[in-house]
Every structure is written in structure tokens, then in C-alpha cells.
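Note sheet for the following structure.
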Amino acid sequence: MMCQSEARRGPELRAAKWLHFPQLALRRRLGQLSCMSRPALKLRSWPLTVLYYLLPFGALRPLSRVGWRPVSRVALYKSVPTRLLSRAWGRLNQVELPHWLRRPVYSLYIWTFGVNMKEAAVEDLHHYRNLSEFFRRKLKPQARPVCGLHSVISPSDGRILNFGQVKNCEVEQVKGVTYSLESFLGPRTCTEDLPFPPATSCDSFKNQLVTREGNELYHCVIYLAPGDYHCFHSPTDWTVSHRRHFPGSLMSVNPGMARWIKELFCHNERVVLTGDWKHGFFSLTAVGATNVGSIRIYFDQDLHTNSPRHSKGSYNDFSFVTHTNREGVPMRKGEHLGEFNLGSTIVLIFEAPKDFNFQLKTGQKIRFGEALGSL
């Protein structure tokens, strides 16, 4: 009887051994991976992680039994070479399209993103030699009247993601997801040309920016979709005295991604313009995004974004205050300031009296020239 039972169990034992051998081999392979350097480990585990998220749920679950854990979706997305892809996309945008191909290509884009070409200064699609010219199209002068009754207007077309007072040195990129004010604007410097006031060690970064007693710090985030008008303008009468360029990633900044990745705006490449308006500190930040490696400021010819010579994690300062120009660059409300390629985000952070009120709702569509708020 014992021999018969063992004979019956023989195939089961052999099958168990065959099933056990792959796990032992995989455990050994993962042990080898654990001894690798971090860059090599990321390179080797990246394809397996992609399969983990692409295959049906639970297909690679046995891997967890031998100690393997997939890279998080956020880390996986951050590992995508968005700067290189955006640089390639920028070069593709510069390629001149044959005359016969322009209308079908631009018509597809117009249909996909809902572009209103009746507002364009030039409605003829054959006029735009390449995609870059089409993205940066100008509007008819009467298409965007500038509101003269309110002190701060929208600098661009887009959607309001968030607005309000800055509290505890944290700013909301979307509701419930914040980023650090100091990480976003960068550390203080002691250069006399910068608009920041002298600080003491006990002051918070937020209090260092508020230059006048009784004022508060406010913020407003505007997302530009691919179909929006891509130029941005001065939101008020102010003087730009300093530019800080942060080379960084070029991840998507659409609202869904902003809810997913904390401090997204701090990771992405951005250009921070700081200065003063009649109520104190004022700043406008143009945040880059995927396929938006090019951020252009019209009066700043030295600015070159998404350049291979700039490394992530650093920043470059430039002062517009010189010995011959002690004021900086004066900007009038509604004046042309800069432009994106495709779509991105504008972040306003400014000082104003406590009775400043936004005339906005979260999620609403807004156009350049419309009121953001006033006293």
C-alpha cells in the first residue's frame, strides 16, 4: 500500500520540483540584482516593471513571493527621458511641411484639440510653414480685450487649477496636492539686485517674500491645454528685476498628472520671473511640460531652455538690474511677455493686501485679459 501511494505521489512530487526550480532560479537572479549598482539595477528591472503594469492583473504576482517589488508608476514615469523626447519633438516642429500637407495636418490638430481659428490673426492654414509656427500663432487684436477695472488679469488662456492664499509655505498645484514654495522659487540669495528683502534666520520663506505689513501672499495656477493660445502676457503693471531658470524634467502637467505626482511643478523645468508691483513682491513662473521644452521670454535673449548643457537639479540666475538700469524691465498690463510650444502652466505668486479677492472658480475656463482678482 505504501509503495502504491508513493507511486501515485511520484508525478506530483516531480511537478512540484519543476515548479520550484524556476522560483529558485528567479530568487538567485534577484539576489544578483540586489548586488548591482543603482543605475544598473534600474536598467535591469525597468522592463520587468513595464510588463508588470501592462500584463493582466496578477500575471506576475508570483514574483512577489521571491522578494521582487515593481518600481512605482510615478518612479517609472519619471525615468522616461522626457527632455530628450521633447528636444526631438522641437526639432520635428521646425521641419517645413509641404504646401499640400499643411491643411490636413493642421485640420486634424484643430479637430482634436478644439482650436478656434477664427480668433487667429492669420486664418489661412497654408500660411504656417511648420507646426511650431502654428502653435505660436498670434490672435487678432480685438480677440482678447484687456480688463481695465481689475488690478490682476489672466496672463493666458487656460483652466484655473487652483488659487488662494499661500499658507505654511505650501502651495496647492491641484486640490489636496501641494508643493514647497521655497523649492519652487528657489533659495534666497544675498545679491543686492534681487527683489527679495533681507531676511533673518527666524523668518519663514513666506514671510521673507511679504515686504509690507498687513499684506498676504497669494497664488494662482493656470493650465494651458494643447489647443489654447500659447502666448502669455503681463498680468499687471509691474517691473521684472530677476530671472531664475531651473533645468528639470519635462513631465506632463495636465490636471490628472498634477494629482498623481506631488511637487510636479518643482520637478519640471521652469522660468521664474520676479519683481515688484504697487503692492510689493510679484512673480510669474512659466512651467515647462512634455514636448514644451521651449519657453521663450521676449525681452530675455540669453534664456535657452531644455538645453543639453544644463543639468537637472541646478538653476541659473540673471539680473535685469544693471548700473545703467536700476529699475529692471517695466511691463504694462496685457503686454506680450513670452510663449510656449504646445501647452503648459503659468503660476502667479504675489503679495497683496488682505482684502484682495479672486473673481474665480476652480476648474473654470479663462481667457487672456479676463479678470483674476482685485482689491
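Glycine is treated like the rest: Cβ placed from N, Cα and C.
Feature annotations, reproduced from TrEMBL:
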type     : residues : note
TOPO_DOM : 1-45     : topological domain 'Mitochondrial matrix'
TOPO_DOM : 65-375   : topological domain 'Mitochondrial intermembrane'
ACT_SITE : S344     : active site, schiff-base intermediate with substrate
MOD_RES  : S344     : pyruvic acid (Ser)
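Over the topological domain 'Mitochondrial matrix' (1-45) the predicted model carries a mean pLDDT of 49. Its Cβ taken as reference, the residue listed as 'active site, schiff-base intermediate with substrate' is surrounded by 30 other Cβ atoms within 10 Å in the chains shown.
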